[in-house]
Structure formats: structure tokens, C-alpha cells
Amino acid sequence: METFLQQTLNGLVSGSIYALVALGYTMVYGILGLINFAHGDLLMVGALVALQTVTLLNAAVPGLHPVILLLAGVAVAVPVCMAVGYLIERIGYRRLRNAPRLAPLITAIGVSFLLQTLAMIIWGREFHVFPQLVSTTPMEPMAGVVVSPLQIFTIVVAFALMGGLMLLVNKSRLGRAMRATAENHRVAGLMGINANGVIAATFIIGSGLAALAGVLFASNYAIAHYAMGFTPGLKAFTAAVLGGIGNLPGAMVGGLVLGLVESFGAGYIEHLTFGFLNSSYQDIFAFVILGAVLIFRPSGLLGERVADRA
Amino acid sequence: MPTENSVSNQSPILEVRGLKVAYGGIQAVKGIDLTLRKGELVSLIGANGAGKTTTLNTLAGVVPHNGGDILYAGQEIGKLPSHLRLRKGLALVPEGRGIFTRLTVAENLQTGAYTRRDTDGIAADMEKVFALLPRVKERLNQVAGTLSGGEQQMVAIGRALLSRPQVLLLDEPSMGLAPLVVEKIFEVIHSITREGMGVLLVEQNANLALEVSERAYVMEGGRVTLEGTGKALLDDPKVRSAYLGEDIEELAAA
Ligand SMILES: Nc1ncnc2c1ncn2[C@@H]1O[C@H](COP(=O)(O)OP(=O)(O)OP(=O)(O)O)[C@@H](O)[C@H]1O
Ligand SMILES: [Mg+2]
């Protein structure tokens, strides 16, 4: 029982990060029918920009409270990622909107390489230690479960962001315009909605979420690296497909389910494979799930929302 | 809003000169002239494939043109994207309605008022739409994709009205609807022109369109081949045989 609760908690932590990134994939897919494979790398950009900010600030003004450092890191990383996301759409994808589907897909992969290479030039190839700005010291065990403030922080922040996004999409004027544009660009234009603006806003919002996910991810693993976006990006994509790509609640459910499956899988993989594999193979689960979903239920758990454009 | 009926001496709100539209190499509209004044109901009739939808889509900025001018209130708008034409006051209810099937009826109506910030004005116009189309009010929280065809058409019209257009382009609002619903929709169209809106109506139901329109254009193969008052065209033997389903012999016998 204790292991069960512990694995659930661990799964929720990584799952809520996957969910934040998955939302970016699914929003862009919903509105453009495009898999933005560069999205995972925005998580990396967010983490490294935050790290850079924290390092510089700490050197300039020593002794600042970690929370201030964290907020400063986020305050720089989020707008930088939003700007990068906007530029990717504006320069890379916009002109390809009516091109055959393969063209934007290949562009996306190219953008991903570009971001990683730029990050490698700026921050080098080495792993950087991401400072513990929120304590990772476990608190008093509750019901036998070991929880750190950082884990609680991660879950709370991620859920708050998801709730905020759902409010934005379902209740605001911009959200309505996003949903209208996702359904039909042409008719949205006839309603006075500037589809280009709405698409740009979608990229900007998704990139902001990726930046925050990057800070959370780097905090939890205490590490930042130019290629760190690849694996969580692929897992978040898996989560989006699992939940039904284009479907926002699906991306959240998919992210959490994937986090939980991984966590339980890592806990029991040794038993399952009679000691052949150990918990360092937990990444296997994401890709087994991706394969299985694509074969048995390509529309995902909650159903695909295909962008039906005119 | 002006409610005067003598519209003929006003300068037109919409003026189209020599409009040409091509799809790839195929010229679908081959240089047509149209005018529409405030408060006027003008219809555009013609056989399938004559270029009516193409014309309306081009006026609304959904399809680009390759010749001619589109003047709205005296200003050239031919290069503006559709969302900016709507902001000027030119709305289109497209062929096939184009409602947002995944949004609720209320949300569809709200997208119609997307460009407006006057909350009170929007609320007042909502009430007007409900008065014109009571059925819409009953269905506000229903997902629009589950509405019947007639209800969808009403939502599409109500949604367009919420942008408070000066010019409303309607592409076959009667398509697929029961006669009673068609009658209702034509009543609505009539009452909005009385408020000063100019309406350009494309209709397969030529008889009905000509009866209610002040003026009409007949399109054939991308050209306007006839124009005149609704009554004159109703009495025109060519129109009667081609669009009102009457035999020439029958006419000759009469
Ligand atoms: N997207 C398109 N690509 C190529 N050709 C098109 C396109 N849309 C319309 N056409 C062609 O242009 C011509 C005019 O079509 P349009 O839809 O304007 O006719 P219409 O008068 O509205 O007909 P209907 O009464 O059947 O609605 C037709 O020959 C049609 O095949
Ligand atoms: Mg048509």
C-alpha cells in the first residue's frame, strides 16, 4: 500500500509535467493539424534560460531568497520561450500552411535540431546542475509516503496551470476564437477573427507552458542540458496521442496516465521481467504505450479532435 | 439606423466593377458589375455552377479575385482579408452555413459579436435575434452540431446579424429547409433590410427570391446576363423558362 501511494505520487509529479508539455502539442495540432516536433525543445530552452537567469542574478546579487531566484528565472524563461515559439510559427510554419503535410513536419524536425544546436553553442555540451530552489528535503512521511516540498510544488503549479488553461480556452473570448479557428479557419475569418493572430497566440501559450514545464522538470531532476527536451518531448507527444491528439482534457489525462504507468512500471519492472530489466528501463513504457495506442486506439482515450479545415 | 424606403437615389454601399475570379486556370467569374444600396434586398440567381457562390465568397474575402474592383462605402476593399472586411461591416453567411459544430449555440452567437466590445449593445442585439428567431433562444446551450438543418441556418443568420453588418451576403439560406422555415427566414431577411441593412441574396428558389427582392441579377457561366427589378424579371419569359421551371411552349400557349 505504501509503495502504491509512493508510486502514485511519483507518477503524478512526472505526469503533470508531461501533461503541461502535451497540452502544447495538442493545442497546435487542434488548430493546425500539425505535430510541432520542436515543442519538446522549448522545455529545454525554458530550463536553460531559467538556469542562466538564476546564475547571473545570484552572481550579481548574492544571498537572494531561492523563491526570488526561481521567480526571476521563470519571469525570463517564459517570455523567451513565448518569443521563440512565436518565431517558429511565424518564420517556419506559417508559409507552409497550405503545403503538403510532410513539409511542415520536416520543418518541425529541422527546428528541433536548430534549437538544440543553438543551445549547445550557447550552453555547451555538458550537463548543468539545476539549483534546488524549492526544497527537495523530504517532509515527515505521511501514511508512509515520502513527499518533498518540490513534489507538492510541481503538482500544484501544474494543476493550477492546467485549470487556468481550461478556463482560458472554454470561457474567454480568445479561447472561443481558438476553438472556432480550430474548427474552421475560413469561417472564423468571416466572424472577424484573425486566424493568424489566434494561431500565433496558440503557439505563444503552448510555449509558455513548455517553459514552465522545463523549469519544473529541471528542478525535479536537478539537471539541465541542451538535449534534455528530447525524451520528455517524445513522452509528452505520446501522452497527447494517448489522450486523443487535439483534445485538451485528453492531453492532461494522457500525461497523468503516462506518468503513473511509468512510475508503477519502474516499481515493478524487475518482478515483471524476472530481474531481466531494472527501473532504469522505465522509458520503455512510454513507447510501448505509443505503439499500442497507435495500433489499437489511434483516436486515443478521449477521442481525436481533427482540425477540419476548409 | 435609417429606415427610409427610397433607396434608389443613395450612393451604393457596395459596388462591384468588372469582378473576375479564377480557380487555377478556370475563370469562374468573368467580369461582373453589381451594386447594392443600404436597405435594399437584391438577389443573385442562376443555374448551378453559374458563379454565385464564388461571387459572394470573393466579396467577403474568402476567395481572391484576379480583376476588377470591390468598393465598400466608396473604399476599395478587394485586398483586405476577410476578418477586416467583417470589421468594416460586410458579413457573409456562407453556403452550407458554416456554423461551429463543436461550439454551443450561445458560443456561435458570441463569435458573431467577436469584433464588438459594447457589452450592452451585444446583449440588446442578442435579444433582437431571439425575437426574430425564437427557436435559437431555446437551444442556447446545445452543441450546434446537433441542431437540425433549419436551426443551424437560423444560428448562422443570427450569428451574422450579431456583427451588426451594413451589408449581409446570404448564400442559399433556404437550402434544404422545409417551406415553412424558408418563409420564416425570408421574413427575417425582409425585416433586417427595413433596418437599413443591404442584403445580397443568392437563391436557388428563384421564384421566392424575385418576389421579395427589389432588384435582381441573373448569372450564367460567370457573367451577369440579365438584371432588373424583381417584378420585371419574374415576368421575363427567358427567366421563367430557365429558372422558374416553366416550359416555353406553356408560355407560348398562355
Ligand atoms: N474551389 C474551387 N476550385 C475549382 N473550381 C471551383 C471551386 N469552387 C467553384 N469552382 C467552380 O467554379 C464554378 C462556379 O461555382 P460556384 O460555386 O460559384 O457556383 P454557384 O453558382 O454557387 O452554383 P450552385 O448554385 O450549385 O451553388 C463552377 O464551375 C465550379 O465548379
Ligand atoms: Mg453556390
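Backbone N, Cα and C atoms are what each Cβ position is placed from, and that goes for glycine too.
Here is what TrEMBL says about this protein:
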type	residues	note
TRANSMEM	A:12-35	transmembrane segment
TRANSMEM	A:42-61	transmembrane segment
TRANSMEM	A:67-88	transmembrane segment
TRANSMEM	A:100-123	transmembrane segment
TRANSMEM	A:143-169	transmembrane segment
TRANSMEM	A:190-217	transmembrane segment
TRANSMEM	A:250-269	transmembrane segment
TRANSMEM	A:284-303	transmembrane segment
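Taking residue pairs at least 6 apart in sequence, the transmembrane segment (A:284-303) and the transmembrane segment (A:143-169) share fewer than three C-beta contacts under 8 angstroms. The stretch from A:12-35, A:67-88, A:190-217, A:284-303 with the most CB pairs below 8 A to the transmembrane segment (A:250-269) is A:12-35. Counting residues 6+ beyond its ends, the transmembrane segment (A:67-88) has Cβ neighbours under 8 Å at 36, 38, 42, 45-47, 49-51, 53-54, 57-58, 111, 115, 131, 133-134, 200, 203-204, 206-208, 210-212, 214-215 in the same chain.
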